[in-house]
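Worksheet for the structure shown next.
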Amino acid sequence: MPELPDVEAFREVLATCGQGRRIEGVEVRDESVLHGIGVRRFVRELEGRRLRAPRRHGKWLLGGTDGPTLAFHFGMTGELRCTRDAEPGTYDRVLIAVGGGRCLHYRDQRKLKGLWLLDEAGVRRLLAGLGPDAAAVDRADFDRLLLARRGGLKSALTEQSVLAGLGNLLADEILWRARLHPSRPAAGLGEAERRRLYGALRGVLRTSIDAGRVPPRGSWLTGRRDDPGAACPRCGTALRRGRIAGRGTYWCPRCQPAPA
DNA sequence: CTTTATGTTGCGGG
DNA sequence: ACCCGCAACATAAA
């Protein structure tokens, strides 16, 4: 599930539930979601810390404290919830009690990613490996990264070291809205096409962040991807499906003509 | 049984 | 150096 809009919603959860509060207890129910640290030290380092305003960069959520930073990555199936006296479910891997009966649940079925505990240098190293946040990048930087990129648009948009935050669904949605084929060379776009792409990026992210997810609406390409033989919501042409940059990719062959 | 899944990483090859 | 495809990670569903 998680792409940038989902992680932004988790940031909101962490802020509402935990910001300014002290961590009263930490229960690790599945050690394998912890990275680079064992249970004992993880618990010891966090208990008693006060949570600061959480930050998000791309798909990373950074839960700052008056000590180390708790970094979350949600992989494909992770989520963060704030509960009151709720019994943990099967996939609730880490529970963080923050007082007032509130408890944060890090839930993840597939455990492709997990939690890190980082010092300032660790946070710097993490951010240094990421491109600008897709929701914050300005037009000039966006142009620069496209022009510096060899290879196709789809991989440029989804490569986190180039631009942080977009996943497979959002990339397809943005390219469809901008009427650009996912295999078009990134550096080969004209000025007007880059403007269109940036506009689509802003529009899709705005709507998705407001919704707290990638909206599964019928007027969006995303609403059609599970529907074989589906038609383009704009022109009615049958959508094409293929494997581009290693991911299942959808596009409209009429709205998004293939590169020569 | 096989294929696919909105995540990333590491490896081999062009 | 850069980019691509592919396998791997863990788990469920079609």
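These residue numbers are counts, starting from 1, taken along the chain as shown.
Glycine is no exception: its Cβ is also placed from the backbone N, Cα and C atoms.
Predicted, not measured: the structure shown is a model, and the values here were computed from it.
Summarising the annotation, TrEMBL assigns domain 'Formamidopyrimidine-DNA glycosylase catalytic' to A:2-113. The domain 'FPG-type' annotation in TrEMBL covers A:220-257.
Across the domain 'Formamidopyrimidine-DNA glycosylase catalytic' (A:2-113), mean pLDDT in this model comes to 94. In terms of DSSP helix, strand and coil, the domain 'Formamidopyrimidine-DNA glycosylase catalytic' (A:2-113) has 26 helix, 44 strand, 42 coil. Broken down by DSSP into helix, strand and coil, the domain 'FPG-type' (A:220-257) contains 4 helix, 12 strand, 22 coil.
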